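Look at Swiss-Prot and you will find 4-24, 63-83, 106-128, 132-151, 179-199, 209-229, 246-266, 282-302 tagged as transmembrane segment.
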Amino acid sequence: MYSGNKVVISWIVSIGFVGMPEFMSSKTFALCRQRSFLHGPAGIRSDEEKENNFFGRVSFMDAALLLEYGWVLLVLIGLEGILAADNALVMAVMVKHLPEEKRKKALFYGLAGAFVLRFGSLFAISFLVNVWQVQAIGAIYLLYISASHLLKRYVFKKEDTHKETKQSGFWPTVLKVELADIAFAVDSILAAVALAVTLPGTSLPKIGGLDGGQFLVILAGGIIGLVIMRFAASMFVKLLKERPSLETAAFVIVGWVGVKLALYTLAHRDIAVVSEHFIHSGTWKLIFWGVLAAIAVCGWFMSGGKKQPEGAQNEQKNSTRERA
């Protein structure tokens, strides 16, 4: 009964189309009549339904893509913020021996260099990722900075003050800061690329060997990281004055970042000493960030407050006795 009614309705609709050719083109009229004859009235609406379903799927895919990109961007902002804070801490340590005016200038040059180098490295992503020598130089320099400071402080205690006076010039300090910026820029861009390449591709043109959407995520994360560095550098200079022993923890962190860069270098496909799978695994990320957090926490609690000179302590004791 239902199929008979369907055929009747189909014929009625098809007959009705005979009186409607002036409102549509002959091609559209023929198509509608054919579909009404074969599939009934539902066939007329099938194109519209398919179109709605298609746009529904597209909008869902767009929303999912935006959510995925947004989540990775948030993670990248946090990561770049931590690396920028490390970079700012190293700059603060390197310039703290300078007079106030020169210290501000050295910090300005260091921040300007960090801006230029990180933006430059964005457009040389393919070069930085494929050439392991660049990664190796950055790793060696960070390890050298860390080892040099720790050896001077805890092994060659007598030579430490003499060498510091020799290396307290303004421009040598700026040069050291810029070299550290290069190493941190390489580490930052490698970390950003490792996150961004996990994102699905977009229709945007490629930039620097990367998909346009992935590149924009790295760019946004890098800019926010630089803004964090701008404000963190001055804060760390003040913090190091209050907690001088925190400087040792800062150099241990520098060495640990150097170890990370060294492992990235050894995992390069041209060397392949370390498994590339291990470098990108959750186990290594957990180890790296866990050790980094442990160094920071231990350094904070072990540094304590700034010790007062003996003269100041005696004056404070005398004043308390007089009050008593």
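Note: Cβ is positioned from N, Cα and C throughout, glycine not excepted.
Same-chain neighbours of the transmembrane segment (246-266): 83, 86, 89-90, 92-93, 96, 132, 135-136, 138-143, 145-147, 149-150, 153, 180, 183-184, 186-187, 190, 239-240, 273-274, 279, 284, 288, 291-292, 295-296, 298-300, 302-303, counting only residues six or more beyond its ends whose CB sits under 8 Å from a CB of the stretch. The stretch with the most CB contacts under 8 Å to the transmembrane segment (106-128), chosen from 63-83, 179-199, 209-229, 282-302, is 179-199. Here the transmembrane segment (209-229) has long-range neighbours at 69, 72-73, 76-77, 79-81, 83-85, 87-88, 111, 114-115, 118-119, 122, 125-126, 129, 188-189, 192-193, 196-197, 199, 201-202, meaning same-chain residues at least 6 beyond its ends whose C-beta is under 8 angstroms from one of its own.
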